[in-house]
Amino acid sequence: MRSHNDFESITIRLASPERIKEWSYGEVKKPETINYRTLKPEKDGLFCEKIFGTTKDWECYCGKFKSIRYKGVVCDKCGVEVTHSKVRRERMGHIELAAPVSHIWYYRSVPSRMGLLLDMTVNQLKSVLYFEKYVIIDPADSGRNRGELIDEEEYHGYLDEYGDKFVAGIGADAIKELLARIDVDAEARMIRQKIQDKDKISDKRILKRLEVLEAFRDSGNRPEWMVLDIVPVIPPELRPMVQLEGGRFATSDLNDLYRRVINRNNRLKRLLALKAPEIIVRNEKRMLQEAVDALFDNSRRKRAVKGKGNRPLKSISDMLKGKQGRFRQNLLGKRVDYSGRSVIVVGPELKYHEMGLPKKMALELFKPFIMKRLVDLDLAPNIKSAKKKVEAEDKEVFDVLEYVVKEHPVMLNRAPTLHRLGIQAFLPVLVEGKAIKLHPLVCHAFNADFDGDQMAIHVPLTPKAQLETWMLMLSPHNILNPANGHPICGPTQDIVLGIYYLTSELPSEPGVPLKSFSNLEEVHYAIDRGVVEFRTKISVYHQGKILETTPGRLIFNTILPEGYAYVNRPLSDKETNRIIADVYDKYGPAKTVLMLDDIKKLGYRYATLFAPTISIEDIRVSPGKVGLVGDANKEVEKADSEYRKGIITNEERRKKVIEIWTKTNDLITESMFKELEKDKGGFNPVFIMAASGARGSKQQIRQLAGMRGLMAKPSGEIIELAIRSNFREGLSVLEFFISTHGARKGLADTALKTADAGYLTRRLVDISQDVIISEDDCGTEESISLGVVKEGENVIVSLNDRVFGRYTAEDVIDPVTDQVVYPRNTLITREVGQKVENLGYDKIRVRSPLTCESKQGVCIRCYGMDMARLIPAEIGEAVGTIAAQSIGQPGTQLTMRTFHIGGAASAKVQEKEHKVSYTGIVNNINGRLITNEKSQSVFSRRGSIVIQRLIQQYKTEELSNLRVENGQKVDKGELVATSPAGENITSEMPGTIHIENGLFRILGEEAVIPVKTGTIVNVKVNDITQPNQPLAEFDPYNEVGISEIDGTVQWMDLEIGKNVRRDEDLRTSNILLKVIEQRREKLNPRIAVISGGSREEYSVPVDAIISVQDGDKVKAGDILFKIPTVAEKTRDITGGLPRVDELFEARRPKDATTLAETDGKIEISGEIVKEKRVLYIHPDNPDLEKVKVTIPIGKQIRVRNGDFVKRGDQIDDGNLDPHDILRVKGVTALQVYLVQEVQEVYRLQGVHINDKHIEVVVRQMLRKVLITDSGDTSFVNQQQIDRLVFNEENKRVIAEGGSPAESVPILLGLTKASLNTESFFSAASFQETTKVLTDAAIKGKTDNLMGLKENVIIGHMIPAGTGTKKYKDIAVFKSAYGDLDRPLEEEEEEEIPQAIAEESDAEE
């Protein structure tokens, strides 16, 4: 067989009968396997030595030839060739079938390839193949068509009438004949002609048929090969038979399946020889067809063939499928030698790059190295005795072990390996005992703890492997998280506590002067004598100046690198991490690692000296709690009475109650924390643990000492009975019972969601695994715009954080001097980002993977910085896999998050008013305002309030000597004018100058506040507003419909009992009128308000509660109906993970919103078509047609007659459908939307993921285009094609003077995109294995082995990192004794450790 390294690509095709014979070494004629007495294979049976090769090395079946001397001799007596027994793994046989059978993959798969070629349905095919109906092959003059089905009677009728001219057949024979008669070229031409004549493609089946025909034409496959005359028999070692103790045999299911085929085939041969009646022969042929079906794909048949114990037998297809199949079990994941696993324990004495390796394990893992060393030192004469010495554990073995292990890195892995930091390399340090010792600071990366976790250890053997392990995987190279570039080695728990204690400060007594010291030694001496404590405030002479600090902080600062600014503040875990990141940035990884070890030592030491413990006395309940709970009870009572009077609905009451308790809980938490902070002078152990970030969170402590709060039901609904006790006071029985709900949900969720997150990661890896950095610069002109992320006016992500690690796509220009500060393609480091921010930019254009035009993978400039090392990415970096891991890994983390808070619900307090936290000026109020009875201005439709920050304001006469002009941008601290008194006036923050009406203003950014219908506005245009002044008030629980005129109400298409339900509340006797869905009737529910000649109509959606009766009088601004907003479910990644999933899978949401297809004016027609309302959009351009929009009756329409909409505006309520965004707004809008939405979910959980990782995945989802017009290209309409392949083909066609194809971009979800990759190996190993392989075989696909997965499957080195193609062509020059004369092969062979080579010789 060929070596697995001497090919670049693999093609898969249908096998012709000749090809199957070529593979075969002989025909299997008997169903026998082995002789049960001699246990030797039967001749001509399924294990026959003559066909498949000898079972014993260098020995024939009868024993005439025994020795390697006779290699290649074929025994004249038994016919067996003398050779290796290994050939039984590769030699195939065959079975000559007495009648052709159809291959199940090609007729039973959806869509059936055979059916498409013959233009028959699967059922029609089945009835021919299973001998139920005849198919016409040559109709003669009968007037019937070829391929039509007829029954037995008709067949005989036609035969009598037309004689031999009329040909029809039954069974696979007939199908084979039909397939052989197909002229693929002519048929394909005919269909293309048909499509062009039809103009628009109506029939999808025609297109599918064309695709299959052209696949056969281009691949060189013949259609009749889908029907088999010969069945190949796979090598016997791949379907083994083994003897169990007790003399029984275990055998592979395939042998049973082959046996059935051979039995039936032999029986059929006998029947044909005996010229048996047709009906018997047909039955046997049908059974043969079923036997072959079962052999190839047993699970696809309705009634699978069962073996012992009623278990379906595993067919060839089942061997490949699923997690236990060949692909995932044996090709993508293998067990490896030189590995071991053991429990881990903490190793506080280790350095960052070390791990403790138990001597017992080391002895076994390094065995060959030890044996070689023993022989080298003449401690053993040969390998065999060295082996005995090692097994006897002699004293000298341990001396040698120390030497062998020294500087030989090993890899540690903790399952589940969710990201690349789950495997890291360390230098082993030999330890006693049986547990592996792990450095405490690497735990976070492995997500390991010491409660019984196990880790696996692997030894890299060859020098090359050791070198890579050393250079790339050693733990000091992995101190940053590849997902975001933050340190992942930060201290946790005890260490944090120790550092916080060391750097905190006791309040100094007033009036007592500070003790002074002249240097660090004096301070140490004073501590030892007990004169000062670590946390006492002192003054000390340090680095040339007097400092007020504490001894603890002085000690901490000694471990920081030289020249680092003095840290004079208490350090929590976040602060410590910030310092680590800063040191990494300024001093590089080497200094950082040394500092980490020092932090570990300090932390442990001072945590031990501080020795905090928690007693029940430390959990202090705030004295104000009783009052707060009392107030809350009163408010709940008030809400109840409002409900009983009918002022509010039950749903509103429920929401109010939940909000009251949420607010109360927050207040209690606050007062409790204040109480804890005061306790013990700020050193209450519970408080310190939370404040330092060592253990526990505000949420958890609130449950210990505040109140447990609201709990959620398993459905995610919040129970309105709040738990008023905490764990310190103890819960009542009822409270305890309510608690169990949430706690149990937490545990169940954890189990389920972990699997979900794992599956999400698997799909992400599959779609993005072939994205590898392939070149330096793809030369694209495209780019994306990145800016500050804000929520309201709070900056969530600064510009510096967002653009960090990217390349600029345009020159960055100083707006004041107009000079280029940073040219295009500058890498944005922290400094560059800061400078850009200081120039006043709030967004800039940067290169992005989304717009990269590399043919394979992405380029360095579009990708930017490698977040794990903060240097530009290098060619060969597998950025796709890193992206997938970065998104998937937190998914799993987050799923486990619910578990720790114990199911306590976290609801958001609903805001009732719009306000901003700064002084502002109202620039505009967009929307329709009407004045109600109380003279308030009310929005009758959706609108917005535009407010601009007012930074400073002066009268112009108060200023002299203006330094700026109207409209100019100014920076913070920039001089804008001087006062008459000569004082300088500077800008307090970046802004824009605005001078008019005698006023000089510096204005900040505009904020647009969207406002819903029914909002009451408290401000006017040009008003100046104060911080937190209510600008507008609204009902947080309901959307409302408002009358715009005074008049009389008329119900239209609203009928009680049909589409209006009368709900009576039993507790209050209040009556609610609720609009319900009406399926059968064409009702268009509306409320009209009539006033004299004018009339306004308002559409009423499903679930609305009607507030007015037919004939009521209403005033402008009155509420006609309310729509309750959905109750807040608990906000948790349980909501989040499915959201990420649906975004990446590009699922269409259930109630998708409708987007305006064009700019224009709305006309609501009032027509109802198929339970949908019809609207029209009239474009501005009168030449264009009006656009028809249909909206389900039940949905609330956001627009009114005569409103102007822009392309892409939402016309009704609902969720955005990504496919609609792509169609209406284009690719860029969709990319931005997807990245933003995914980030939103993770940000809510406080998880940082760099945008570029999400962009890499989104890029893969948008790789395909859909052909709308094939032009002169080889594409078929409606075919999905890779964008790059499409562009190449179009270039080719244009160069030849043809007309190019046209296409639209399409969005594919993860699963679809993975199954549509160019590589069939990658797709087949992902999902739907048989379908992928069927398709690939027919198309004669070639896999160019570009991605990682397909290379792992084949057994090649992956084309990433040091395996990148460009590195393969490098020869190594050695300046030693002329060894460049030797060919490279010899070099390779020498790399095997000597001991292993010798050991294998010794065994032979």
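Cβ atoms here come from the backbone N, Cα and C positions, even for glycine.
CYS60 (Zn(2+) 1 binding site) is surrounded by 24 other CB atoms, counting those within 10 A of its CB over all protein chains shown. In the three-state DSSP reading, CYS60 (Zn(2+) 1 binding site) counts as coil. The Zn(2+) 1 binding site feature in Swiss-Prot is assigned to CYS60, CYS62, CYS75, CYS78; the stated evidence is sequence analysis.
Under the heading Mg(2+) binding site, Swiss-Prot lists ASP449, ASP451, ASP453, citing sequence analysis as support. Its Cβ taken as reference, ASP453 (Mg(2+) binding site) is surrounded by 17 other Cβ atoms within 10 Å in the chains shown.
Long-range neighbours of CYS859 (Zn(2+) 2 binding site) (same chain, six or more residues apart, CB within less than 8 Å of its CB): ILE773, SER774, GLU775, ASP776, ASP777, CYS778, CYS852. Annotated Zn(2+) 2 binding site per Swiss-Prot: CYS778, CYS852, CYS859, CYS862, in sequence order.
Per Swiss-Prot, the feature compositional bias 'Acidic residues' maps to 1384-1404.
The annotation region 'Disordered' is assigned in Swiss-Prot to 1380-1404.
Using CA atoms as reference points, the binding-site residues ASP449, ASP451, ASP453, CYS862 were checked against CYS62 (Zn(2+) 1 binding site), and the closest is ASP453. Rounded to a whole number, the C-alpha distance linking CYS78 (Zn(2+) 1 binding site) with CYS862 (Zn(2+) 2 binding site) is 67 angstrom. Between the CA atoms of ASP449 (Mg(2+) binding site) and CYS60 (Zn(2+) 1 binding site) there is a gap of 58 Å, rounded to the nearest whole number. Cβ neighbours of CYS75 (Zn(2+) 1 binding site) (same chain, under 8 Å, six or more residues apart in sequence): CYS60, TYR61, CYS62, LYS64, PHE65, GLU81, VAL82. The most densely surrounded of the binding-site residues CYS62, CYS78, CYS852, CYS862, judged by C-beta neighbours within 10 angstroms, is CYS862.
The most densely surrounded of the binding-site residues ASP449, ASP451, CYS778 is CYS778 (count of other Cβ atoms within 10 A of its Cβ).
Taking the Cα atom of each, ASP451 (Mg(2+) binding site) and CYS862 (Zn(2+) 2 binding site) are about 44 angstrom apart. For the recorded site, CYS75 (Zn(2+) 1 binding site), the DSSP three-state label reads coil. A distance of 40 Å separates the Cα atom of CYS862 (Zn(2+) 2 binding site) from that of ASP453 (Mg(2+) binding site). The Cβ centroid of CYS778, CYS852, CYS859, CYS862 marks the Zn(2+) 2 site; residues of that chain outside this set whose Cβ lies within 8 Å of it are GLU775, ASP777, THR780, ARG847, PRO849, THR851, GLU853, SER854, VAL858, ILE860, ARG861, TYR863, given in sequence order.
Shown in sequence order, TYR61, GLY63, LYS64, PHE65, ASP76, LYS77, GLY79, VAL80 are the same-chain residues outside CYS60, CYS62, CYS75, CYS78 whose Cβ sits within 8 Å of the Cβ centre of the Zn(2+) 1 site.
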